[in-house]
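*Asks:* Per Swiss-Prot, substrate binding site is recorded for 67, 233, and the stated evidence type is sequence analysis. Swiss-Prot lists 142, 206 with the feature ATP binding site. If you look up Swiss-Prot, you'll see 1-15 marked as compositional bias 'Polar residues'. Residues or ranges marked as region 'Disordered' by Swiss-Prot: 1-23.
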């Protein structure tokens, strides 16, 4: 699946470090604290391959998980959840109509939700589903660079829609750099905010140096571990944890907090592990043990 940050020592020489006393860091710390204290429920309509890691990561981060593949379950539980997570990594024929119904229900009832457009551009059914989400867009999009670029083209956003040079769909892995997706991510986030009841939206793009934007500000987040590319579901579980944070915070803060949590935790897990198997176990332990203060003090820059 899509993956979280991969390189701990990426170049940040052209970026502006966010100061320790910047208000955004306190908002991130408070969001992390609220998750630990409130154990918010975030439901997931996610793929078969990574569902176990998604649920365990949500629990380890401090939230409560509910997983379902029945559209009626998702719509019935939506009002009781702080947020919903939809991942299109594995599809069945009936999902084409079901996911449109779910997104319309969430939109009409003002429910916050996170979209992971896994493998955007691959297959007719997935393309139709993702195009349909434009009418009832999510609160947050969490993607890799290639997925963000493809979705930007699908939704025909911005002055350069359909003209950006990129490598196109590449299955579940990114074929483009995060830097190549800055304009696409910013346009997507602005579109989400425009159609949100609270006028807030965010896009998080995972890569060598993660990117999070609300359509105005662009944050970059170095850190993490290359071992995240060696376990299945790193990016998918980040989407689920982003939904957990979205249950207690706005789109920008939730996206930043979840990505910073993953960067801190994956770095700690790499130091404590000896390979992919022990890394995944150590990663879940790190999600559980990291403090709100450690999350809020993780490397954070403004582009």
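Cβ atoms here come from the backbone N, Cα and C positions, even for glycine.
Relative to the rest of the structure, where do these features sit?
*Replies:* Under the DSSP three-state reduction, residue 67 (substrate binding site) is assigned to strand. Here the Cβ of residue 67 (substrate binding site) has 16 other Cβ atoms within 10 Å, regardless of which shown protein chain they belong to.
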*Asks:* Find, for the listed binding-site residues 142, 206, 233, the residue with the lowest Cβ contact count at a 10 Å cut-off, counting only other Cβ atoms.
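*Replies:* So among 142, 206, 233, the binding-site residues given, the one with the fewest Cβ atoms within 10 Å is 233.
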*Asks:* Please report the three-state DSSP label of residue 206 (ATP binding site).
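*Replies:* In the DSSP reduction, residue 206 (ATP binding site) maps to strand.
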*Asks:* Between residue 233 (substrate binding site) and residue 206 (ATP binding site), what C-alpha distance do you get in Å?
*Replies:* 13
*Asks:* Rounded to an integer, what is the Cα-Cα distance in Å between residue 142 (ATP binding site) and residue 67 (substrate binding site)?
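*Replies:* Distance between the two Cα atoms comes out at 18 Å.
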*Asks:* Measuring Cα to Cα, how many Å separate residue 67 (substrate binding site) from residue 206 (ATP binding site)?
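*Replies:* With the alpha carbons as reference points, the distance is 24 Å.
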